[in-house]
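Copied from TrEMBL, the annotated features are:
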type     : residues  : note
DOMAIN   : B:23-560  : domain 'Cytochrome oxidase subunit I profile'
TRANSMEM : B:42-62   : transmembrane segment
TRANSMEM : B:82-110  : transmembrane segment
TRANSMEM : B:130-152 : transmembrane segment
TRANSMEM : B:172-193 : transmembrane segment
TRANSMEM : B:214-242 : transmembrane segment
TRANSMEM : B:284-300 : transmembrane segment
TRANSMEM : B:312-329 : transmembrane segment
TRANSMEM : B:341-364 : transmembrane segment
TRANSMEM : B:376-399 : transmembrane segment
TRANSMEM : B:411-437 : transmembrane segment
TRANSMEM : B:449-471 : transmembrane segment
TRANSMEM : B:499-520 : transmembrane segment
Amino acid sequence: MAVVLILVLVAVASVLFHLLSPWWWTPIASNWHYIDNTIIVTFWITGVVFVAVVLFVAYCVYRFRHRPGLKAHYEPESRKLEFWLATVTAIGVAAMLTPGLFVWHQFVTVPSDATEVEVVGQQWLWSFRLPGADGKLGTSETRDVTSDNPLGINKNDPAGLDDIIISGGELHLPMDKPVKMVLRSIDVLHDFYVPEFRAKMDMVPGMVTYFWFTPTRTGTFEVLCAELCGVGHPQMRGTVIVDNDEDYKTWLGQQQTFTQLMASGETKTVN
Amino acid sequence: MVNIPSSMDDPIPPAEVEDVELYHSHSWWTTYVFSQDAKVIAIQYSMTAMAIGLVALVLSWLMRLQLGFPGVFTFIDAERYYQFITMHGMIMVIYLLTALFLGGFGNYLIPLMVGARDMVFPYANMLSYWLYLLAVLILVASFFAPGGPTGAGWTLYPPQAVLSGTPGGADWGIVLMLLSLIFFIIGFTMGGLNYVVTVLQGRTRGMTLMRLPLTIWGIFTATVMALLAFPALFVASVMMLFDRLLGTSFFMPAIVEMGEQLQHAGGTPILFQHLFWFFGHPEVYIVALPAFGIVSDLISTHARKNIFGYRMMVWAIVIIGALSFVVWAHHMYVSGMNPNFGFFFATTTLIIAVPTALKVYNWVLTLWRGDIHLTLPMLFALAFIVTFLNGGLTGLFLGNVVVDVPLSDTLFVVAHFHMVMGVAPILVVFGAIYHWYPKITGRMMDETLGRIHFWVTFLGAYLIFFPMHYLGLLGMPRRYYEMGETAFVPPSAHSLNEFITIVALIVGAGQMVFLFNLFWSVRHGKDAGGNPWRATTLEWQTPTTPPPHGNFGKDLPIVYRWAYDYSVPGAAEDFIPQNQPNDDRISREPS
Ligand code: HEM
Ligand SMILES: [Cu+2]
Ligand SMILES: [Cu+2]
């Protein structure tokens, strides 16, 4: 009997915990509420299945627990039942997968008006680069990284000369403008992760990865590294500040371009 | 192969394989140490796996102490923490679960359950164990090597795995880890070939494939998968070893490490991830399928009812095994691989959910109208259903590519895989030990201690891992030595972490009850007799208990029916052993 009660308790307590616990996702700050919606759909479908199956098991244990004289029923299989269960399951799975794939399609389709923002990871800090007046990021190469060119920007590429370099780990973004985060690493794997934006992507040395989103509210958000990158992994933090247009312009005006930095010799080894 | 009569009306020729005197060992060493008897090898495998598993358990306490009470235990610094994580994960998955299910249960049960005298290649089988032991010793040695074991995470991702920012990366740690894996794989291959060939070639008369107990189907399919999947890990390990020792660049692009240009160029870290997960995903099922098989037999035996939908269960095992080779990149949705892979891998991953769900339904339907004995194995089987269901359902979150994006690399993932491939299979391991212990030792394990162990383990593990999903949903990343001050993490999340740690310590202590029971009952357990659970399969029909070398005495058993003739209407008892002639024709095995 204890078994039956505890099984029921497991089902009920899990649901109550889900409903009442204070731990839930952070308030969203990007356009990816589609992702949140898909999670909700998934919670519903899986939650119903979980409760139904556990309660069914509890009922079976209650109803068919051994008593003297009880004899089990002999029934090797039932094609019909198995067919129906398979069909219903397939429908449930499709109900989760279909919206999921639609949203994934949006996730991988970067809008043409998205501004590129480059994030460069290294053990254990973040740097950022914004395209300058030409709207284009210059090319870069890990081989070109030196103490006065820590991001390895190609000095012979004119597109790179006006790029804006932000070291010190604090990036500003304008609200409601789609951005394409272009991700690079010069040493090991890292992962650019801001929980409020719901998106993340690994940064892989030797290649450029990306994802896009649109910030939908102003505020200060913490950047975490979400890919184990050595002993400093949990300390690898940064900040993204989403501004309204005016504040963003003011901030942008204070930043220095690659050329200015090279001239002033201010860029030092960031380690 | 022997010609097996296809219809039950054919006369069945007598067994041809007789017990041969020559074949038995004659000295203490060859009987108990360098033994070629699969049953002894099974016990060697199991004891070694449990011993090293105990190390992994202790490591989990240390990690939990750090997560629950950061800064209190100063000897756990970041470096040690990452070493603990890595060793814990690697040991649990490979050196404990894989070794225990295949080397342990596989060796013990395959020959007995298919009606063979032993494995087909006993000598290679013996080597398999000694290579496994060597692999374990190398792994243990890395704890004492300069720089300590590797701290790269059990996934060993390059480039960091071989660089100095990771513990053991520029020292011995990663080298010993890779060497250990290489020896493990060689050893496993010798054992694995045995398991496959024995199932295919060593079955006794009448034991058709569709009469095999599901335990054997699970172990057999898992072994085939392991033989196909481990080579990917093998090459990846060898290539990484070359990158580390010879300066090649299979996985190493141009890198500036701490301001210094390294010599590597042109390699790609993502290639390693593909190789790793080509092995790593099937690995999940290499652990899960034996558990599926065993739990089916536990449920059927202890509910005194045939497993519901036997043929569906067999096909589901085979289909899951095959499909699991085309889903590996669901571990790489945010790895930076071409994002269009996401469509394919999300679809294949969610398709696997269907045969998996059918298995769960069939387990529960087996309970329906059964005669459920709440024995220890049955309790563990019920707990398996709950935890596996829970972990399987959260897999639908992580498999659905876009939902994985916010959740991947958070504690949600840690909670998910512990539930589905940590807790659920371990519960089956325990259920299976309580179930087969009487056959192995001739004695029952203590019931009261077993029940204490059960409740602490089941409820404790659920309390540890269920709430942990919500910390991941909140956004707490995995593999964080400490959360530090993070604006979005409320103080209540730290309290939850303390709670989880305390429960983890209690669950760990509960395992000591099990270990005590395991050793104590060898001498002091109740006498079990040959078939205490009144089960149908061949291992319970041996002439003596524990079974002798050669398993079945003079003649091998002949099989007349499937493994699930429980509560057959019209039969005198509520079970009919597989080797009982079918004169009565009352069995209705599906065909
Ligand atoms: C009560 C038992 C256990 C406890 C308390 C426990 C605890 C933990 C903890 C705290 C972590 C690190 C989480 C993080 O990334 O922050 C971890 C990681 C892990 N555990 Fe367990 N664990 C247990 C049992 C198991 C079992 C049975 C398995 C077998 C599959 C397992 C496999 C793993 C793996 C693969 C990792 C990942 C290691 C990595 O990130 O590289 N654990 N565990
Ligand atoms: Cu990191
Ligand atoms: Cu997988």
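Just so it is clear, glycine is given a Cβ too, placed from its N, Cα and C backbone atoms.
Sequence-distant residue pairs (6 or more apart) of the transmembrane segment (B:312-329) and the transmembrane segment (B:214-242) include at least 3 whose Cβ atoms are under 8 Å, placing the two stretches in contact. Cβ atoms under 8 Å from those of the transmembrane segment (B:172-193) belong to residues 83, 86, 90, 94-95, 98, 102-103, 106-107, 121, 124-125, 127-132, 134-136, 138-139, 141-142, 145-152, 156, 161-162, 166, 223, 226-227, 230-231, 233-234, 237-238, 240-241, 244-245 of the same chain, restricted to positions at least 6 beyond its ends. Through the fold, the transmembrane segment (B:42-62) approaches residues 35, 73, 76, 80, 84-85, 87-88, 91-92, 95-96, 99-100, 103-108, 129, 132-133, 136, 139-140, 440, 504-505, 508, 511, 515 of its own chain, all at least 6 residues removed from its boundaries and within a Cβ separation under 8 Å. Taking residue pairs at least 6 apart in sequence, the transmembrane segment (B:449-471) and the transmembrane segment (B:284-300) share fewer than three C-beta contacts under 8 angstroms. Outside the transmembrane segment (B:411-437) by six or more residues, the chain places 92-93, 97, 100-101, 105, 108-109, 284, 287-288, 290-291, 294-295, 298, 301, 375-381, 383-384, 387-388, 390-392, 394-395, 397-398, 443-445, 450, 453-454, 457-458, 461-462, 464-466, 468-469, 471-473, 476-478, 514, 518, 521, 525, 533, 539 with a CB less than 8 A from a CB of the stretch. The stretch with the most CB contacts under 8 Å to the transmembrane segment (B:130-152), chosen from B:82-110, B:214-242, B:499-520, is B:82-110. Summarising model confidence by region, the domain 'Cytochrome oxidase subunit I profile' (B:23-560) averages a pLDDT of 95. Sequence-distant neighbours of the transmembrane segment (B:499-520) (same chain, 6+ residues past either end, Cβ-Cβ under 8 Å): 50, 54, 57-58, 60-61, 64-65, 67-69, 430, 433, 437, 445-446, 449-450, 452-453, 456-457, 460-461, 463-464, 467-468.
Long-range neighbours of the transmembrane segment (B:449-471) within the same chain, counting only residues 6 or more positions beyond its ends whose Cβ lies under 8 Å from a Cβ of the stretch, are 376, 379-380, 383, 386-387, 390, 394, 410-412, 414-416, 418-419, 422-423, 426-427, 430, 434, 493, 496-497, 499-500, 503-504, 506-507, 509-511, 513-514, 516-517.
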